[in-house]
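A short worksheet on the structure shown next.
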Amino acid sequence: MTDQQAEARSYLSEEMIAEFKAAFDMFDADGGGDISVKELGTVMRMLGQTPTKEELDAIIEEVDEDGSGTIDFEEFLVMMVRQMKEDAKGKSEEELAECFRIFDRNADGYIDPEELAEIFRASGEHVTDEEIESLMKDGDKNNDGRIDFDEFLKMMEGVQ
């Protein structure tokens, strides 16, 4: 078992591994311990993942190193964990987008110093003008006096 495969197993509960194994085994018709790359998308969708054709091609290219056209269960686990992490990343970005919309009170696509101060006041935090200025300086990478969504995402990376 490679380090990558051991890490994938450590990320999953025994229950999840058993669920993945059951799905994997359904497509391992001959019981040989591997499935064809063609069946991979079907198995992933059955397990609640939604890879695009491009994502599936990229995943398969990474996993099927020997070009055999088959993927064993350990390779499958590594791939599923990768896909789960990608899905989680997408969800957290959606949540951050919702936060940004709430913070952007005037809906102009930016958080300005007044809106930032209002966020803290609404949460009961007392912040000084200097603290707001410092936060703006940290988040406002292009120095236009306001924080756009990309700057907000970068700012929030350190918080999560």
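Even glycines carry a Cβ here, placed using N, Cα and C.
Here is what Swiss-Prot records for this protein:
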type	residues	note
BINDING	Asp28, Asp30, Asp34, Glu39	Ca(2+) 1 binding site
BINDING	Asp64, Asp66, Ser68, Thr70, Glu75	Ca(2+) 2 binding site
BINDING	Asp104, Asn106, Asp108, Tyr110, Glu115	Ca(2+) 3 binding site
BINDING	Asp140, Asn142, Asp144, Arg146, Glu151	Ca(2+) 4 binding site
DOMAIN	15-50	domain 'EF-hand 1'
DOMAIN	51-86	domain 'EF-hand 2'
DOMAIN	91-126	domain 'EF-hand 3'
DOMAIN	127-160	domain 'EF-hand 4'
MOD_RES	Thr2	N-acetylthreonine
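Shown here: features listed in Swiss-Prot, placed on the structure.
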residue : record                : DSSP class
Asp28   : Ca(2+) 1 binding site : coil
Asp64   : Ca(2+) 2 binding site : coil
Asp104  : Ca(2+) 3 binding site : coil
Glu115  : Ca(2+) 3 binding site : helix
Asn142  : Ca(2+) 4 binding site : coil
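If you take the Cα of Asp30 (Ca(2+) 1 binding site) and the Cα of Thr70 (Ca(2+) 2 binding site), they are about 13 angstrom apart, rounded to a whole number. Cα distances from Asp108 (Ca(2+) 3 binding site) to the binding-site residues Asp66, Thr70, Arg146 are smallest for Arg146. Its Cβ placed at the centre, Glu151 (Ca(2+) 4 binding site) has 19 other Cβ atoms within 10 Å.
Here the Cα atom of Glu39 (Ca(2+) 1 binding site) is found 47 Å from that of Asp140 (Ca(2+) 4 binding site). The Cα atom of Thr70 (Ca(2+) 2 binding site) lies nearest to that of Asp34, taking the recorded positions Thr2, Asp34, Asp104, Asn106 as the candidates. Between Asn106 (Ca(2+) 3 binding site) and Asp66 (Ca(2+) 2 binding site), the C-alpha separation comes to 55 Å. Taking CA atoms as the reference points, Asp34 (Ca(2+) 1 binding site) and Asn142 (Ca(2+) 4 binding site) are 50 Å apart.
Per-residue pLDDT, averaged across the domain 'EF-hand 3' (91-126), gives 86. Here the candidates are the recorded positions Thr2, Asp28, Arg146, Glu151. The one whose C-alpha lies nearest to that of Glu75 (Ca(2+) 2 binding site) is Thr2. Within 8 A of the CB centroid of the Ca(2+) 4 site residues Asp140, Asn142, Asp144, Arg146, Glu151, the other residues of that chain are Tyr110, Gly139, Lys141, Asn143, Gly145, Ile147, Asp148.
Put simply, Tyr110 (Ca(2+) 3 binding site) is 12 Å from Asn142 (Ca(2+) 4 binding site) when counted between their Cα atoms.
Sitting within 8 Å of the Cβ centre of Asp28, Asp30, Asp34, Glu39, and not among those site residues for Ca(2+) 1, are the Cβ atoms of Phe27, Ala29, Gly31, Gly32, Gly33, Ile35, Ser36, Thr70. Considering only the binding-site residues Asp64, Asp66, Ser68, Asp144, Arg146, Tyr110 (Ca(2+) 3 binding site) has Arg146 as its nearest partner by CA-CA distance.
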